[in-house]
Amino acid sequence: MSTDVAGAEAPQVKGKFLGIFICWLLGNGSLFAWNSMLTIEDYYVHLFPDYHPTRVLTLAYQPFAFGITLIMTYYEAKMNTRRRNLAGFSLFFLGSFALIILDIATKGRGGLGVFVGVCIISAIFGTADANCQGALVGDLSLMCPEFVQSFMAGLAASGVLTSALRLITKAAFESSKDGLRIGAILFFSITCLFELACLLLYTFVFAKLPIVKYYRLKAAAEGSKTVASDLAAAGIISDQQAQVEEDPQKHKRLTTKELLMENIDYAFDIYLIYVLTLSIFPGFLSEDTGAHSLGTWYALVLIAMYNVWDLIGRYVPLIQCLKLTSRKGMMAAILARFLFIPAFYFTANYGNQGYMIFLTSFLGLTNGYLTVCVLMEAPKGYKGPEQNALGNVLVVCLLGGLFSGVVLDWLWLIGKGW
């Protein structure tokens with residue numbers, strides 16, 4: 001079948017709003033399970049008080065997320081995007097289910113063996129993230145910018161939803177016997193159902209939207225091999241080899257290395273955003289902010305406020321007059337964020353909880369806003385295969401920043417006897 005699209009104007013817009021909503025849900029699903037594990041930190045701190053679960057679980061997650069994404073980005077041009085996403089959402093579902101089984105099998109007991117099991121599941125979530133996040137950001141980068149924005153907003157919304165659910169379950173079961181554990185099991189049951197819903201949406205609905213088929217056909221016409229499986233799922237077979245033989249020049253693209261060198265500032269931008277954020281969130285907020293009148297609710301409130309403002313920040317670039325498009329301006333704003341480090345240090349030692357909540361909110365706002373600005377601007381002006389490759393490269397930089405931030409987060413423990 002020819003990849004030329006008759007009446008291109010209609011497919012470009014038909015199904016757009018449903019596509020934006022599904023991208024938002026898929027963004028949710030790409031982090032919902034991991035955020036669920038982070039949000040029940042009070043339960044894991046109770047079970048494993050000697051193992052610094054918030055920091056260690058993040059350290060178990062990030063190497064797999066970063067390392068596997070790096071490998072998949074190297075082979076991006078030959079990877080089957082559809083299989084990556086199906087594998088990712090399947091692992092999120094199975095990992096969430098495994099957490100419930102592990103807790104029921106051990107009857108909510110702690111200990112090193114159980115903690116190792118939880119760490120292994122955390123690594124499984126990291127593997128799932130490596131499949132989903134890179135594949136989806138790359139795939140959506142070759143479509144309309146609103147899809148990438150909605151996906152990134154969904155990532156932040158997963159934090160808001162998990163925080164809200166955790167606050168509700170904590171309040172509902174706080175006064176009951178074994179309430180902390182019951183709330184955690186209920187929490188992961190909801191996570192299982194949500195991940196299953198994302199898997200079904202991606203499998204049976206997203207690929208068949210007219211706007212999605214239009215952009216994937218366009219990418220296939222420009223030489224992309226990563227969309228073939230998704231087009232086949234939508235009932236479209238593209239004879240790409242014949243087109244390459246017809247016009248080989250049309251299918252030439254920049255290499256991944258060339259794309260990186262042309263966008264090295266964007267790569268540093270996204271890396272530095274997450275180095276700073278993860279050096280503070282969630283480890284420092286969970287363990288190093290002292291005791292305040294909110295008691296055991298304090299860390300949950302801080303995490304919830306970060307997630308809410310991170311989500312808000314990801315919608316701000318939709319207002320054109322507030323969208324940051326200058327490459328130098330982005331770099332300046334991102335470097336200025338490193339002032340958060342002394343600000344959090346002095347607030348934790350000398351400020352009250354109100355100042356800490358404000359700082360945490362501003363950290364989230366700037367994180368979400370700058371992330372979306374970078375990811376919406378970077379792919380502009382490239383062909384579909386190049387946009388896909390650049391999306392994967394930027395996700396590698398994002399996860400590299402996350403991993404580096406997680407490691408640097410341990411520096412807050414210097415001088416505290418551990």
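Cβ coordinates come from backbone N, Cα and C, glycine included.
What TrEMBL lists as transmembrane segment is 17-36, 56-74, 86-105, 111-130, 151-168, 180-207, 266-285, 297-317, 329-348, 354-377, 389-413.
A Cβ distance under 8 Å defines the sequence-distant neighbours of the transmembrane segment (111-130), meaning residues of its chain 6+ beyond its ends; these are 30-31, 33-34, 37, 44, 47-48, 51, 53, 56-58, 60-69, 72, 87-92, 94-95, 98-99, 102, 399. If you look at the transmembrane segment (266-285), the same-chain residues 6 or more away from its ends with a CB under 8 A from one of its CBs are 38, 41, 52, 54-55, 58, 260, 299, 302-303, 306, 327, 330-331, 334-335, 337-338, 340-341, 344, 348, 360, 363-364, 367, 370-371, 374-375, 377-378, 393-394, 397-402, 404-406, 408-412.
Between the transmembrane segment (56-74) and the transmembrane segment (389-413) there are 3 or more Cβ pairs closer than 8 Å, counting only residues 6 or more apart in sequence, so the two stretches are in contact. Ranked by the number of CB pairs under 8 Å to the transmembrane segment (151-168), the listed stretches 86-105, 180-207, 297-317, 329-348, 354-377 are led by 297-317. Taking residue pairs at least 6 apart in sequence, the transmembrane segment (297-317) and the transmembrane segment (329-348) share fewer than three C-beta contacts under 8 angstroms. Sequence-distant contacts of the transmembrane segment (354-377) (same chain, at least 6 residues past either end, Cβ-Cβ under 8 Å): 137, 141, 145, 148-149, 152-153, 156, 266, 269-270, 273-274, 277, 280-281, 285, 289, 301-302, 305-314, 316-317, 323-325, 327, 330, 333-334, 337, 340, 343-344, 347-348, 391, 394, 398.
Residues 61, 88-89, 92, 95-96, 122, 125-126, 128-129, 132-133, 136, 140, 143, 146-148, 150-159, 161-163, 187-188, 191, 194-195, 197-199, 201-202, 205-206, 209, 211-212, 307 of the same chain lie 6+ residues outside the transmembrane segment (17-36) yet bring a C-beta within less than 8 angstroms of a C-beta in it.
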